[in-house]
Amino acid sequence: QVAAASGHTVVLVDQSDEILKKSTKGIEESLKRVTKKKFADKPEAGAEFIKKTMENLTTSTDAASVVHSTDLVIEAIVENLEVKNELFKRLDKFAPEHTIFASNTSSLQITKMANATTRQDRFGGLHFFNPVPMMKLVEVIKTPMTSQKTFESLMDFSKAVGKSPVSCKDTPGFIVNRLLVPYMMEAVRLFERGDASKEDIDVAMKLGAGYPMGPFELLDYVGLDTSKYIIDGWHALEPSNPLFAPSPLLNKLVEEKKLGKKTGEGFYKYK
């Protein structure tokens, strides 16, 4: 959406036409919300903006067949290294030499993905934040093999889609999640020890630190399974780091399929 809205030609690829129809509809709805604010007193200009953006967007279920005409591939599929590497390996065969590959992963190593391809110098991380149309940040990740030219292209692209890029080395969680995930886990431990209620911890961080959500609200929003997946991965990398220690309570909730907002219950219940 943000790439198409900033004048880029975009091909959105997913596994089925059904998913793509839903995605396209979602983008259109999102654009309507954007134009209501952006073109509040100019409805014609707003309609034109939506039309132009949607014209920049096509869809496909076959990544290999469309990659030959792209300058940049941004992967945002399931957080599983093997599945990602399989996709990158396949696309590497069909993509032109100049095409840059980037992953939107929040927790996996970019270097491990780059090594699955023959274009390690044209590979980096572009980590966007949810919801992407609203959030201004993009973390641009440079591996030891990423060329300066590739890094600059990724920084330029981030600015061209209206974002504020920051750069980080290929380290677990990059900047935001490296600070945010241990903070959320520390909140769970505080609650597990019985030092404070989850409601009071949430209120304290909202009113005392100015956070829009408390750590338990945020965990439920992100998904407890996602949070557990991240912390388990980091714990495997650095077993002696106390910040990455697993939480019995988090594990129990995930086992009970209480994954947060998406399942109607996590640390809190949702209607």
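Note: Cβ is positioned from N, Cα and C throughout, glycine not excepted.
Listed in TrEMBL for this protein:
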BINDING   SER30, LYS37, SER106  CoA binding site
DOMAIN    1-171  domain '3-hydroxyacyl-CoA dehydrogenase NAD binding'
DOMAIN    173-270  domain '3-hydroxyacyl-CoA dehydrogenase C-terminal'
SITE      HIS127  site 'Important for catalytic activity'
Express in Å, rounded to the nearest integer, the largest CA to CA distance found among the CoA-binding residues SER30, LYS37, SER106 named in the record. 30
Fewest other Cβ atoms within 10 Å: which of the recorded positions LYS37, HIS127 wins that one? Let me know. LYS37
Pop the Cα-Cα gap between SER106 (CoA binding site) and HIS127 (site 'Important for catalytic activity') into the table, whole Å please. 6
Average pLDDT across the domain '3-hydroxyacyl-CoA dehydrogenase NAD binding' (1-171), rounded to a whole number: 96
Between the binding-site residues SER30, SER106, where is the Cβ count within 10 Å the lowest? SER30
